[in-house]
Amino acid sequence: MSYILAEALNFVRRGISHLNYWGASHSLSADNYWESNFQGFPRLLSDSSKAPSTIRTVQVLEDDVDDIAIQYNKIVRGPLDYLLAIPGKDIRSKLIDSFNIWLQLPEEKLSIVKDIINLLHTASLLIDDIQDASRLRRGKPVAHDVYGVAQTINSANYAYYLQQARLKEIGDPRAFEIFTRSLLDLHLGQGMDLYWRDMVVCPTEEEYTRMVMYKTGGLFNLALDLMRIQSRKNTDFSKLVELLGVIFQIRDDYMNLQSGLYAEKKGLMEDLTEGKFSYPIIHSIRASPESSELLDILKQRTEDEAVKIRAVKIMESTGSFQYTRETLSRLSAEARGYVKKLETSLGPNPGIHKILDLLEVEYPTNEKGRV
């Protein structure tokens, strides 16, 4: 039985003991006690006609409690498990493995960090797809189209607290502060991204980069900080992690508008339908302030392929894709240089170099400007 499920069962058992204690000293019906003390919580017995008349006679077999907790957990996790079953790029797990070449955590500790990050990332995608009104995720229908918006939001929130509960497995009180700070950063970054989109405010490149450090870098930093507090080595990787987060997000922005494979997995140029101010779009708008055409297209949240292709042509005319590739090349070179400095004291790390190789972008090869 998993740690989290065991904790849930213990909670229910403590509740039953509490009920029995109060029932022994108060003449109170089960219905009245529940309504006065546990409003909003589900009953263990859904049919009140089958409930005993007084609390002192309440008896619930432990097997029944186990079955109920298992059933609730399975239902609530539905959207989360749905997305977990669809393979992703797994870049975060690869990143954790790469840094562990230096930090040398044992497998059992590393596994806990991976699980926490994977569940948090998956939960954030559930929310992200709702906020962006997405239709596809990893080539499949988004979870909220299968399970509904309300259940998907609840499943994502449930996942956050599931992982918070796992922090005690790390065995360091600093883990909770690290976890809280990282989730705050993630939500701050996401909030600014949504604000610019919904208010139709085009940020500067500097503002966008800062947002990415919060939004994308939040989980990257969480993973590395949880690893560091368990390692005998205490090297500060924050600069490298920030660079990797920015590279990852700008590359994702580029691929959204240029990659045919991305279109199959996420939808054709979905950032345009979302109305998102991604890196190439920001550059194009600011490179041609006298023209409002691209901004006007962005406002429409269009799903029309011809209009999207027109938007791409505008970005090509302002050199925005070339500029984005040059930015990625510069950031990658900076990251590689930083890795080499770290390697002089920590030893070779081929894993990080492979990550950077994976984040290299291809050049467009067809008439639509998409590879």
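Using the three backbone atoms N, Cα and C, a Cβ is placed for every residue, glycine included.
Here is what Swiss-Prot says about this protein:
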type    : residues                                               : note
BINDING : Lys89, Arg92, His121, Arg138                           : isopentenyl diphosphate binding site
BINDING : Asp128, Asp132                                         : Mg(2+) 1 binding site
BINDING : Arg137, Lys215, Thr216, Gln249, Asn256, Lys266, Lys276 : dimethylallyl diphosphate binding site
BINDING : Asp252                                                 : Mg(2+) 3 binding site
SITE    : Tyr160                                                 : site 'Important for determining product chain length'
**Nearest-integer angstrom distance between the alpha carbons (Cα) of Lys89 (isopentenyl diphosphate binding site) and Arg137 (dimethylallyl diphosphate binding site)** = 12
**Asked** Can you name the residues of this chain that are 6 or more positions from Gln249 (dimethylallyl diphosphate binding site) yet have a C-beta less than 8 Å from its C-beta?
**Response** Val212, Lys215, Thr216, Tyr279
**Message:** With Cβ-Cβ distance below 8 Å and at least 6 positions apart along the chain, what are the contacts of Asp132 (Mg(2+) 1 binding site)? List them in sequence order.
**Reply:** Glu270, Glu274, Lys276
**Prompt:** How far apart, in angstrom, are the most distant Cα atoms among the isopentenyl diphosphate-binding residues Lys89, Arg92, His121, Arg138?
**Reply:** 16
**Per DSSP, three-state class assigned to Thr216 (dimethylallyl diphosphate binding site)** = coil
**Prompt:** Given the recorded isopentenyl diphosphate site (Lys89, Arg92, His121, Arg138), which additional residues of the same chain have their Cβ within 8 Å of the Cβ centre, ordered by sequence?
**Reply:** Gly88, Asp90, Ile91, Asn118, Thr122, Leu125
**Request:** Select the most exposed residue of Lys89, Arg92, His121, Arg138, Lys215, where exposure means the fewest other Cβ atoms within 10 Å, treating these as the binding-site residues.
**Result:** Lys89
